[in-house]
Amino acid sequence: MERIRARLSLNRKSALSVPVKLRKRKSKLYSKEDAHVQFQNGLFGVGINVTLFIVAYRLVNCLLVQSSFVPDEYWQSLEVAHQLVFKYGYLSWEWTEGIRSYLYPLFFASIYKILHFLNYDTVQLLVWLPRLAHAFLAALADIKLYSLIRGLEHSGVARWVFVSQLCSWFTWYCCTRTLTNTVETVLTTLALHYYPLHGSKVQDSSKYLGLVALAVIIRPTALIVWLPLLGYHFLREDDKLNLVTHRVLPVGVLTLGISTVIDCIFYGKWTLVQLNFLKFNVFHNVAEFYGSHPWHWYLTQGFPVVLGPHLPFFLHGCTLAPQRYRILLVTVIWTILVYSLLGHKEFRFIYPVLPLCMVFCGFSLASLKAWKRPAVCLLFLSNLLPALYTGLIHQRGSLDVMSHIQPLCEGKYSSSTPEPFVYFLMPCHSTPFYRFSLNCTLNLQNVQAKQILTSATSYCDQFIFHQMHWLKTAFHNEASLPSHLVFFDVLTKEISSFLEVKQYVKKTEVFHTHVPEGRVGRNICVYERRGIPLTTRDNFIF
């Protein structure tokens, strides 16, 4: 026994004296390339190259959109921000009635305030910085949509959803505009990234609920889009009471409370914007003053135009997408049906469901085999033409005409005319004012759009249908006459006698659109009053 013990002890000592070679670990948790991998994944869960490409793409998108869409992209955001910071200008009737929240304009007001503080509040920066900010927000939304699908499906589907999103002509046309519909679409896309879709790894619903609440505060109609998604989440949630009491109520109360405090401060009185919005647009149906369409308009015109060349791919993708995406399809259908019940309809109202449609387009493109390359080329080229035409040519006169008003702000006008006083005889708020090309206290006025709820027509309609009577009433003496008039060429014939008697001559004519319709003409005319001595007069308010 003693010999055996001695031998074992000797073997153990010899084994310890031999160095042991350890196997090199190949786990990425201990790799020296961790920092490089994290850098390649980018800040938003996608590759840094993809992130830089999307940002660059949306910046180019921003620079190539030089047309106007609707007045709200100025009068519900930038003109309000300009008035808050620079203390001149005036607000549209929606702000005097308290149906719009100041939360969104404050975002731009903060940009303007910083520029003003740094003494960099030039016209170019006032015009482009808000647009560039929206370009970055649009890029973030693109990244989050791509990241969402990449986390749920294989990379091929995510790639084609991404391609579909970038090819969309309507997204190109709208995503860099300072519209509440645009920020609603961005917030909806971001919220969808954090939404607990079946198969996703989302655990905390507070993020998506906060983004939804913010979207509803900025634009209350965002609730229409999110009602099916919120209901679906509630039905699938195991602890429904905890979801309501610890997530929905705290987020909703906090967001609404902050928004109400901000609105009360800026309106100078107790104001619940969401209640006023409901009262004016549902109970009084004020929106129909701006036009109404038949119930089927979204089905026959609105949705097909917004989706554009993507429509066949969307319909094909609806038959291929997995079951977990049915709630997105239900949301699209629900939104279109609800908006179809409203009298006033616009393309931009259904813009928030467009990213949802791109998911189904991606499944369609991913399923194609031999025809994939021709299909993608056709999709790109068929979207390129409307994107460039609407961004660079269609309805650009509303912005271009302001460059002809700018010299008045700089004092470059004839000494034979009165001090500059420009009146816009156009459909209400057809052009921006002080925010675009003007950063001075030049006297600008237009046909106001204030609605009188007891009247069948608005102030704008009274001018459109009774031009001569309106002109004689508004400009009842020589002192009240503007030095310049701006209007669409379709009005020239109707007011030619007024122009001749009051000695107005055409100064310039600016192209606006190839498809004039109704009160909107092909060109915008600027007329100047000649032969009147320079006079000092008070601003005339109508």
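First residue shown is number 1, and so on along the chain.
Glycine is treated like the rest: Cβ placed from N, Cα and C.
From the options 93-114, 115-136, 247-268, the stretch TrEMBL describes as transmembrane segment is 247-268.
Per TrEMBL, the range carrying the annotation transmembrane segment out of 52-70, 375-393 is 375-393. Within the same chain, residues 64-67, 163-164, 167-169, 172-173, 308-310, 313, 365, 368, 514 sit at least 6 positions outside the transmembrane segment (375-393) and bring their C-beta atoms closer than 8 Å to a C-beta of that stretch. Sequence-remote contacts of a segment are chain residues at least 6 beyond its ends whose Cβ falls under 8 Å from one of its Cβ atoms, and for the transmembrane segment (349-368) they are 141, 145, 149, 156-165, 168, 170-171, 174, 181-182, 184-185, 188-189, 192, 221-222, 225, 298, 302-303, 306-307, 310, 313-314, 316-318, 320-321, 325, 328-329, 331-332, 335-336, 339, 375-376, 379.
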